[in-house]
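Take a look at the structure below.
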Ligand SMILES: Nc1nc2c(c(=O)[nH]1)N[C@H]1C(S)=C(S)[C@@H](COP(=O)(O)O)O[C@H]1N2
Ligand SMILES: [Mo]
């Protein structure tokens, strides 16, 4: 390995204290950012998208705002039809045979205990944050697809203009701003913070959900939420007809919900809530790469689209549910849920009103709080979900999931392109003068020319990329396994993290970098790529070298790599949070979901 040892002719400018190679650390932005203000993240200007559209055919799009007038017309028509139907004797017979509610088992509980009220409140309180941060995450890549190829023009839904033809257009440029109070936090490309809210509150919501399931099954309350007799179906049809004809079914919620209500609750509790979890996990790079069979059909884009349908269900449910609670004996209904009593007093209303104050305060405060204390959001979010993410990081997936025919026709670009003179000179010379420096806590620091890198054992893999923003794509990457680099440099036992430095600066200035746990460097699918789909990797995708770590989301895969450093911990590197996006945009350093 003589030819690969450290070059002794280090340019004077590169010599730091102690006569050793100056570290790339000195090129990082070490400022600690503690607020999200107008200067945040290189001043991303606001950009509002377009009204949501669904694709109908090749290049035709249907603006969903039309659903408002169309829905109104359909509703009025349906009301007229329902009222007409109720004149028919056979329908009247049907309504008296199936009045709208199905009998409960004799041992079913009567009334709603206080814990139901608490559960209900906690759920609705958390839902506000979950939904708003979810919409923010969606706005970061405001398009949906059905295949794992996120091909422009093949999206089935978009809230953004068609993808422009500029070949270097990035997914970040595609992200949109949400109006204040809608998104959490709402600012364009604030996905790092939105994810802490979403995944952090999700964790509490899921734990609370487990408690809810335990309680409903130990108290018999489940019998009121699960269809147990076949006549639930005709009764639900009957209730629907009664609602539509504006002659509503008798309210008896204290003892038994009507069948339509029961089905709506059943779907919400037993289908939509679990599906939210399953479709959420379906977007994880670590899980999708590990559970190949499942992810063949249930790929990230199917999961993301279905996750959106779950959101639509919850929003629709909330609107209809609240409307009906308020229009079918509000005081009594509120007493049921908020005061565990079945009467017309104002007690339930009082508790409800107080709880709404909390909801509104939480709603109004969440975004300003996030902008003022983003590090707190990052820290609390990590405390809530970090453990689960770490669990998924232990997955070392096998190669061979995809073949050449799975390669995506379009692979989005992302990030800020390098524009330094240093990079441009190297690029103009076809990287003949490029060297990759690998040093830090290693026995054998090296400085390799590109030719020397290419002389190392070749490795290739066809894998799927998962950008944190939501797009994905399959590509064939060729280059060197990180294991080969480890064998060459021999990390010391103290080395725990591996820092990848880029030629490109991030949006606030200072070089882009990312810290990766050393265990993941010997995973089968961790590599330095210099080929993409059988050709030399292009400028846009990271020439001459870029990282692949298929356990993680895309922002961790540094492009335009110039150096690698092995360290014990990353607190002294950059601003100390483990990567450019962590320092500047409050991302987390473990992102296996
Ligand atoms: N140097 C650098 N590397 C980077 C980024 C960046 O901004 N700078 N963006 C990351 C993000 S967010 C993604 S999704 C991937 C995108 O890789 P691609 O452009 O090859 O698709 O690169 C990652 N590597
Ligand atoms: Mo990304």
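Just so it is clear, glycine is given a Cβ too, placed from its N, Cα and C backbone atoms.
Among the residue ranges 308-326, 327-345, 384-402, the one that TrEMBL annotates as transmembrane segment is 308-326.
TrEMBL lists transmembrane segment at one of the ranges 262-287, 418-443, 444-469, 470-495, namely 262-287. Sequence-remote contacts of a segment are chain residues at least 6 beyond its ends whose Cβ falls under 8 Å from one of its Cβ atoms, and for the transmembrane segment (61-85) they are 51-55, 91, 158, 241, 244-246. Residue counts for the domain 'Oxidoreductase molybdopterin-binding' (431-569) by DSSP state, with H, G and I taken as helix and E and B as strand, are 22 helix, 66 strand, 51 coil.
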